[in-house]
Amino acid sequence: MDDLKYGVRDKRGDWKPSGRLEIAPFWSWPPKLPKVLAWLPGYIWPWNAFHMATALLYWFYIVPDVETMKTISWGWALWLYAVNAAAIFVFYGIFELRYYVQRAQATRFKYNHKFPGDTPSDVFWFQSQNLDNFLRSFFITIPLWTVVEVIFLWCFANGYVPWVGWQDHPVYLAALVLIAPAIHEVHFFFIHRLIHWAPLYRWIHSVHHNSINPSPWSSLSMHPVEGFLYHAVAFWHLVIPSNPIVALFQLHVAGFGAVNGHLGFEKLELTEDTALSSEAYAHYLHHKYFEVNYGGEGLIPLDKWFGTWHDGTKEGDALMDARFRKKRERVNARAASH
Ligand SMILES: [Zn+2]
Ligand SMILES: [Zn+2]
């Protein structure tokens, strides 16, 4: 595919889309129904449909029976960890293999022309972004994902929280599934904004930001505190009356869905003229500029409301520069007054 039909490439070789990032259409006033209807299929397909499919597979084939889950034991906890790790190895690994190892589409649609594997850096374990990110994901973050999973399944199994049945409240549960990605965005925005507070940033979140040019393995490369808080989004289903399948879906939107922001390509070419939209740009800009786009792609446009939205355009750059300048002035004024 010709990526220059969709964007521009600068002198360094970095590509960027020509359009602007748009927040979800139901936030525009007056609401335009055709726009909402045109947006809806992309909301469901393919990413959220995939997360629902994996949640169902887990529920019917992986998760132990309710009797077993009444007592927490190493047996089923380790089994869930093994499946989570294997699933992420395969799912993230496909993107890594095809687009970063085989480089099937070279740098077409790639935001940063460099591949992390080509640039060793001292900030990473063994000076390798790939190895560092991989080890942190599998030995820190995925175990913590599993801890969250075990806790909520144990709560449901013991009846500590309401277990809403699909037969009794199908419409309610379907609605909850539809808004789960919005819950994810709000949860992620606030924990993410919190760990950007300077002391917490240095302690916790700087680990994730070592990858300025993220690739699939960067997705879950986190400090343990972040790894836990990030997946703890599933605990909202212990507060809201819910069902374990919906909680699993919520967990998978976080765990499997983390890859979206870190794919590094705008489109993943599948055939000569079809491509998968990665939905990576907003979070790519976050890795590039740090203090923009704390949330997702504007499903719940918290960044817009808090003034931290970068839509990828020149105007977005100007807004960001003005904000950074103001912040510097504030810091300097404070330093001068002491
Ligand atoms: Zn990230
Ligand atoms: Zn961040």
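Glycine is no exception: its Cβ is also placed from the backbone N, Cα and C atoms.
Residues or ranges marked as transmembrane segment in TrEMBL: 36-62 (among others). Here the transmembrane segment (36-62) has long-range neighbours at 24-26, 79-80, 83, 87, 177, 181, 244-246, 248-249, 251-253, 256-257, 260, 276-277, 279, 299, meaning same-chain residues at least 6 beyond its ends whose C-beta is under 8 angstroms from one of its own.
According to TrEMBL, the feature transmembrane segment maps to 74-95 (among others). Note on the transmembrane segment (74-95): residues 54, 58, 62-64, 68, 137-138, 142-143, 145-146, 149-150, 216-217, 219-220, 255-256, 259, 263, 268 of its chain, located 6 or more positions outside it, place their CB under 8 angstroms from a CB of the stretch.
The transmembrane segment annotation in TrEMBL covers 138-159 (among others).
Taken from TrEMBL, the feature transmembrane segment applies to 171-191 (among others).
The domain 'Fatty acid hydroxylase' annotation in TrEMBL covers 178-308. Per-residue pLDDT, averaged along the domain 'Fatty acid hydroxylase' (178-308), amounts to 97 for this model.
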